[in-house]
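*Asks:* Marked as active site by TrEMBL: 170. TrEMBL lists 2-161 with the feature domain '6-phosphogluconate dehydrogenase NADP-binding'. Feature annotation from TrEMBL assigns domain '3-hydroxyisobutyrate dehydrogenase-like NAD-binding' to 164-281.
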Ligand SMILES: NC(=O)c1ccc[n+]([C@@H]2O[C@H](COP(=O)([O-])OP(=O)(O)OC[C@H]3O[C@@H](n4cnc5c(N)ncnc54)[C@H](OP(=O)(O)O)[C@@H]3O)[C@@H](O)[C@H]2O)c1
């Protein structure tokens, strides 16, 4: 199967390498074109523009940072829209809001193409291991056709119905995750400042009902102040912002998420946006110092 892949960031690189390893023919494009070179070593071809990739491939997958990037790649000059046509499918796996997804879907369909949104749950390591959870919505026939690729990228794919449902599900998941990360950070800081060993706190947490993969994975690195990015903090804050907007639309009070968003914003203002989202820990430690 031949696919195009737009966006070779942390996630897109790992995902396209997986597809290549499992025998897919992959044509890649990235805004910073030099990032394509590593993929060529794994057997990929390069498309000079998003339009060139779509022209060559029946299916094109995108994994881009945010709503503005997702729209730019579709609507700008040399973008996806210039070459999408009947018989071609566009699958956007970026985390965006439902409105962005709908806007892209309508434009693709107006040109005769098929569209699927398919944001993912899981981070760098699950992307490398093909263990993502895929939250797809849109054209059901395209979903069925692209399943062989989803089976390589993920451990489970959900088909959630109409466009927008995948985006919303992803935002709800990441809103919960961002709030949890803040509570976890506060707990680690509180343990340390009150004279406890935070390493022991990790052991205690791991044995109880609130044990989870995120605490297990991030706890040890946070205690070492290691924030090498798996999920960049700027993207987590984008997801909190979009989830809060979804809350506004639906009149859902979200005081916990709103507070977590403030902490992520503070972290961005301190220049921590490109570090892992667990670097919000530094913000909370700093807040603690200031009191
Ligand atoms: N990392 C995770 O753990 C994780 C997990 C689940 C979902 N996600 C979501 O997956 C998406 C990608 O995340 P990531 O971690 O791979 O991000 P990343 O490493 O920051 O990569 C972002 C990608 O978007 C491209 N891009 C940014 N602005 C652009 C623009 N205006 N036009 C064209 N391309 C543009 C970047 O190109 P350049 O190389 O030229 O900058 C890069 O290829 C995001 O929506 C994120 O929320 C991430």
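Including glycine, each Cβ sits where the backbone N, Cα and C put it.
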*Asks:* What is the three-state DSSP composition of the domain '3-hydroxyisobutyrate dehydrogenase-like NAD-binding' (164-281), stated as helix, strand and coil residue counts?
*Replies:* 86 helix, 2 strand, 30 coil
*Asks:* Quick one: mean pLDDT on the domain '3-hydroxyisobutyrate dehydrogenase-like NAD-binding' (164-281)?
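*Replies:* That stretch averages a pLDDT of 98.
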*Asks:* Count the other Cβ atoms sitting within 10 Å of the Cβ of residue 170 (active site), across every protein chain shown.
*Replies:* 27
